[in-house]
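Peer 1: According to TrEMBL, the protein carries these features:
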{"type": "TRANSMEM", "residues": "30-51", "note": "transmembrane segment"}
{"type": "TRANSMEM", "residues": "57-78", "note": "transmembrane segment"}
{"type": "TRANSMEM", "residues": "98-124", "note": "transmembrane segment"}
{"type": "TRANSMEM", "residues": "144-164", "note": "transmembrane segment"}
{"type": "TRANSMEM", "residues": "176-197", "note": "transmembrane segment"}
{"type": "TRANSMEM", "residues": "217-239", "note": "transmembrane segment"}
{"type": "TRANSMEM", "residues": "295-316", "note": "transmembrane segment"}
{"type": "TRANSMEM", "residues": "345-366", "note": "transmembrane segment"}
{"type": "TRANSMEM", "residues": "400-424", "note": "transmembrane segment"}
{"type": "TRANSMEM", "residues": "436-456", "note": "transmembrane segment"}
{"type": "TRANSMEM", "residues": "476-494", "note": "transmembrane segment"}
Amino acid sequence: MNESGKTIMVGKLPVGFKPEAPPPPPLKSLIIGPAIITLGLAIGSGELIFWPIMSANIGPVLLWAALISLIFQTLWTLEMARWTVWTGEHWVLQMARLHGLVSAAVLWGLFTFLAWGFGGWAAAGGRSLYVLTGGPGEESFATVFWAIILFLIVWIVALLAGVVREWVEYILTFKMLIIWIMLLVSLAVVSSVDVWADVIRGTFIPSWPSEAIPEKVPYFTLASAIAFIGAGGTTNMWYSFWVRDAGYGMGVYIGRIPGYLRGRPTQLEIVGYLPEPTQENLSRLSEWWSRVRSVFWLIFFLLNFLTAVFFVTLVYSGKKNLGIETEGVGGVEVIELQANIVAEAFGSTIMSGIFLIVAAVLLFGTQLSVTEGVARQIADSAYVAIEGFRRVFRNDIRTAYFAVITLFVIWSSLWISLINLAGIRPVLLLQLPANINLLFQIISIPLTLYFIYFVAGKSLPKEIWNAMKPHPIVPLLLVLAMLYWGFFATLGWMERFGLLG
């Protein structure tokens with residue numbers, strides 16, 4: 001409720017005011033939160049599959065490209081959440097201020113469904129479990145069987161959780177601990193000083209292996225790796241949804257999505273609130289923003305890049321130190337390659353099985369957060385934009401969210417079944433979302449900058465704008481990011497459509 005009754009128009013929608021901004025919590029209390037969800041989502045196909053494929057075929061020489069992309073992606077994700085901390089509105093609502101509530105909900109909902117409706121992580125995780133168990137049945141059937149089991153677990157989490165986001169945070173924190181223990185123990189056994197020297201060189205000294213690209217690594221795979229070194233595409237936009245749900249900054253006044261059985265019927269605010277421009281409020285939100293940024297750079301950027309480096313180093317160590325043949329690997333079989341490297345390093349097939357379990361847990365965690373993010377975006381956006389949608393679900397976002405997540409699980413399970421019958425490789429189900437989301441990364445930058453500078457900047461009280469506006473270097477870096485991603489996206493899609501010589 002807008003206690004003061006005061007509103008201003010920002011773009012096509014009003015925004016109210018609250019007399020008090022919440023005080024920021026201690027920095028350490030923000031560590032397990034939206035940043036860890038985004039990290040857990042990010043540590044999936046890019047780090048486990050695409051960058052190890054690169055390492056298997058050309059070594060660690062392009063890690064510098066991953067580093068640049070991740071720096072840009074971290075900066076871009078935070079800029080999409082800047083308005084969220086100051087008003088409690090997620091990125092789709094920002095776009096609604098540009099082109100209307102209904103069009104924003106429909107347009108970006110369709111884009112998200114197109115980008116994430118392939119179920120590739122569950123399919124890849126299902127294949128890992130097939131390799132581990134040898135069944136049930138033939139590979140195609142077993143992959144579908146295990147993928148559907150993983151989707152059912154996702155559905156059960158949404159059913160039983162008190163607050164879905166909190167359960168996802170705990171699951172993904174556990175996932176990250178398992179992955180890091182596995183990688184650090186394996187690298188302690190299999191890596192060497194020479195290997196790490198090559199990895200450091202590939203990270204900080206740019207080179208372009210023209211003799212190997214696209215012969216050994218297709219441009220479409222390279223573009224996938226560039227997109228998914230972080231969360232990638234619309235998943236970065238979901239960070240603003242999770243920030244809102246966690247009650248960061250002015251998000252505390254908006255409401256959050258509970259689980260279906262244990263949660264209570266909940267209504268969300270349609271639009272957000274600005275703080276009254278007192279010195280205390282502006283100081284509090286500036287400190288909120290500072291702490292949110294610090295945690296995100298630490299959790300998302302640093303841990304993400306280190307995890308990618310560890311997976312790349314594991315594969316490169318297997319090739320250089322153990323003499324394992326790695327060239328020619330181009331799909332999800334790179335997971336088996338890494339399992340074999342671990343088994344060879346420890347002289348035990350048991351370690352191979354443990355790695356496959358860890359890989360399945362990793363991919364399950366990614367599919368969990370993808371499914372949660374898709375359902376959250378579609379349900380939340382439709383709820384605030386479409387009155388008929390609210391009537392159908394009796395103004396209860398909990399019921400709407402659970403309905404969307406159920407439909408998405410059913411759709412993805414059917415889709416995985418159909419594509420396996422058609423003989424389509426699971427890696428394609430990861431490459432397509434990666435390259436579609438790379439397009440979103442490019443498109444969303446000018447839209448976000450236009451909203452911040454030409455809509456919010458021209459509408460907000462001067463005191464609030466001066467406190468929340470980005471540093472002047474931020475738009476310049478984001479334009480560079482758009483050009484950088486555009487280069488790889490152009491190569492990838494031109495190759496896919498046969499337009500390269």
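Yeah, the Cβs are placed from backbone N, Cα and C, and that goes for glycine too.
The structure displayed is predicted, hence computed values, not measured ones.
Surface or core, plus neighbours and distances: that's what I need for these features.
Peer 2: Counting only same-chain residues 6+ beyond the ends of the transmembrane segment (30-51), those with a CB under 8 A from a CB of the stretch are 66, 77, 120-121, 124, 165, 168-173, 175-176, 179, 221, 224-225, 227-232, 235-236, 238-239, 242-243, 245-246, 248, 291-292, 295-296, 298-300, 303-304, 307-308, 311-312, 332, 334-335, 338, 359, 362-363, 365-367, 369-370, 373, 427, 430, 434.
A Cβ distance under 8 Å defines the sequence-distant neighbours of the transmembrane segment (57-78), meaning residues of its chain 6+ beyond its ends; these are 38, 51, 198-199, 201-207, 209, 212-213, 216-217, 222, 225-227, 229-232, 236-237, 239, 292-293, 296-297, 300-301, 304-305, 308-309, 312-313, 316, 319, 326-330, 441, 444-445, 448, 474, 477-478, 480-481, 484-485.
Outside the transmembrane segment (176-197), and at least 6 residues removed from its termini, the chain residues within Cβ reach (under 8 Å) are 36, 39-40, 43, 303, 307, 310-311, 313-314, 316-318, 320-322, 341-342, 345-346, 351, 354-355, 358, 361-362.
Residues 10-11, 73, 76, 79-80, 82-83, 91, 94-95, 97-98, 111, 114-115, 223, 226-228, 232-237, 465, 469-470, 475, 478-479, 481-482, 485-486, 488-489, 492 of the same chain sit 6 or more residues outside the transmembrane segment (436-456) yet have a Cβ under 8 Å from a Cβ within it.
Nonlocal intrachain contacts for the transmembrane segment (476-494), taken as residues 6+ away from its ends with a CB within less than 8 angstroms of a stretch CB, comprise 68-69, 72-73, 75-76, 79, 219-220, 222-224, 226-227, 435, 438-439, 441-442, 445-446, 448-449, 500.
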Peer 1: Which residues of the same chain, at least 6 past either end of the transmembrane segment (400-424), have a Cβ under 8 Å from a Cβ in it?
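Peer 2: Same-chain residues near the transmembrane segment (400-424) but 6 or more away: 117-119, 122-123, 126, 140-141, 143-144, 147-148, 151-152, 154-155, 158-159, 164, 257, 259-260, 371-372, 374-376, 378-380, 382-383, 389, 392-393.
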Peer 1: Would you kindly list the residues that approach the transmembrane segment (295-316) from elsewhere in its chain, counting only those six or more residues past its ends and only Cβ-Cβ distances under 8 Å?
Peer 2: 27, 30-31, 33, 35-36, 38-39, 42-43, 46-48, 51-52, 54-56, 59-60, 63, 66-67, 70-71, 74, 77-78, 176, 179-180, 183-184, 186-187, 190-191, 195-196, 198-199, 203, 229-231, 239, 326, 334, 337-338, 341-342
Peer 1: Could you check whether the transmembrane segment (144-164) packs against the transmembrane segment (98-124) - three or more CB pairs closer than 8 Å, residues at least 6 apart in sequence?
Peer 2: yes
